[in-house]
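Asks: Quick one: the structure is below, questions incoming.
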């Protein structure tokens, strides 16, 4: 009996030892499982102290591993992941959940022929800056918006600096010189997002923001556009955007040497001017906001300056045998508007100190010969002044023509027609001037 009791005690001790060892092994396994790092996730069933420790560790590491998170990860699988150690769904902490959501909602990237581009998600408001730049004259002092493949290609070929380019079609992007867009932020958008700000009936597939170009920094290819003729166009207070754009387009088509614009002309980078000019801004030098002193300095000393007379009210009936009246003063022509000029600088001057353009011209102007536009009037470098339809030619324009022995070029019209549109008159005279210059064989085509 005693032997039997001793045997039972021995077996019980062994069982107790084995039981204790098994419990320790289970505790070790549980301890190891609890200490196991789960990247970015915490189980719901784990103790609060350990959860806080893991969250603090992953929070410290999240800033270092943001770049390792795959941008194409499915958002649903991130929001409701499953722990490998727990069949129940696990949860992110509030901070880490927001970080991951921000990463997955970021702009994704793509590539076209080695050119990286961003792909904006729908509803992105970055396109709103296009409307702000296009509608603000102050912002256009530094940036301009160009719309359409033709205009953007012309700007890039001339050396203009593109800052941001938006496109809605990969095929349209491939038509651009991609090698000139390596330093440009290229963004893919949906067509409907671009249509929100565009004023065109048919939205373009390419829209770009450029640093405002300067004529001195652009290059104009003679191989592509041909050699320019020695003919300079001067725009005197042309304020209609459509007219100015058409004038610039005619000047580019006629191969003019340059275009000079006085202060008071409409902004050449306004959208309506850009659309009407059809890329003329990047085919020849266009220099805006000049005083008449600046204009004189931009012209060769031997240049002869003529003015366009697109009105016929003072000439009566015209035919091929009509000889224009000569040696008339500028004030004799009704199309020269009655601008007023103040002879003194103070506001309290007597009203008699104000004189109209007509009075000024009667007293001070020399005679300005008038001739039909199709008779010879070019010799060497020639300049032509076109006035705006509202205000006509200024006093300074007439004085410059008189100083250089220029003439008034008359475009005859049938009775009952008062005048020609400024853009039409410019086109007629510029192409006539080109024809005469080429006929002199002073340049080669």
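Just so it is clear, glycine is given a Cβ too, placed from its N, Cα and C backbone atoms.
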Asks: Tell me which range among 52-90, 91-129 Swiss-Prot lists as region 'Disordered'.
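Replies: Going through 52-90, 91-129 one by one, Swiss-Prot flags 52-90 as region 'Disordered'.
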Asks: Scan 239-262, 263-286, 287-310, 311-334 against Swiss-Prot and say which stretch is down as region 'Disordered'.
Replies: 311-334
Asks: Taking each of the binding-site residues 387, 420 in turn and counting other Cβ atoms within 10 Å of its Cβ, which one has the fewest?
Replies: 420
Asks: Rounded to a whole angstrom, what is the largest C-alpha distance between any two of the residues 387, 411, 420 that the record assigns to S-adenosyl-L-methionine?
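Replies: Spelled out: the longest distance between any two Cα atoms in 387, 411, 420 is 14 Å.
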